[in-house]
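The following features are taken from TrEMBL:
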- D134: active site (ACT_SITE)
- D148: active site (ACT_SITE)
- 21-45: transmembrane segment (TRANSMEM)
- 65-90: transmembrane segment (TRANSMEM)
- 102-118: transmembrane segment (TRANSMEM)
- 138-164: transmembrane segment (TRANSMEM)
Amino acid sequence: MSSAPTDSPPEADRPPKRIGMLVAITVTIVLLDLATKIVMVSWLADGERVPLIGDLVSFTLVRNPGAAFSFATGMTWVLTLVAVAVVVGIARFARRLRSKGWALALGLVLGGALGNLVDRFFRGPGPMQGHVVDFVSVGWFPVFNVADSAITVGGVLLVLLALLGRDLDGTRAPSKAEDAA
């Protein structure tokens, strides 16, 4: 009896699943985001600016009805639905996740999405329309928060992993030249 070769190695030869790593990164980002927002809301008045490094870096409390970096202002309910879709999508990918790089990148994006979703659901003016608390101001760049930073860094890592041909299971995807050979 012969067995046909498979594209994936047997379970024993595969790297362990990285769901725990994904969850740990996600929880860390959500808690850090929520804690910093609680501190800033209690410490600063809306619009108040506290310089840290001259005019370059400051804390400035802003309630943002848009997406990361004030994009899509006024589309709060749409952004809420997009964030929910991102969370569901990452949760579905998690079962196949064996790459540390993908676990890190997806954990950052998931943690950031959940951090901002908490604001959208529980802050004023109301559920699914809540404004996100932003407080880090760097030069001319829009004011942002920990969740925005996590989403951005995670997104950059996702692009790099894709460009490097890394799959969710940690293997390297064959290049087009290898496929043709």
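Glycine is no exception: its Cβ is also placed from the backbone N, Cα and C atoms.
TrEMBL labels come from automatic prediction, so no person has curated them.
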Practice item. Could you check what DSSP calls D134 (active site) once collapsed to helix, strand or coil? Key: strand
Exercise for review: Please determine which of the active-site residues listed here (D134, D148) has the lowest count of neighbouring CB atoms within 10 Å.
Suggested key: D148
**Study point:** Integer Cα-Cα distance in angstrom, D134 (active site) to D148 (active site)
**Key:** 9
Practice item. Take the transmembrane segment (138-164) and find every residue of the same chain, 6 or more past its ends, with a Cβ under 8 Å from one of its Cβ atoms. Key: 29, 32-33, 36-37, 55-57, 60, 62, 64, 68-70, 99, 101-102, 104-116, 132, 172
Point to revise | For the transmembrane segment (21-45), distant same-chain residues with Cβ under 8 A (at least six beyond the ends) | key: 59-61, 90, 94, 97, 100, 103-104, 106-108, 110-112, 114-116, 118-119, 133, 135, 145-147, 150
Study note, to complete from the structure: In three-state DSSP terms, D148 (active site) is classed as helix
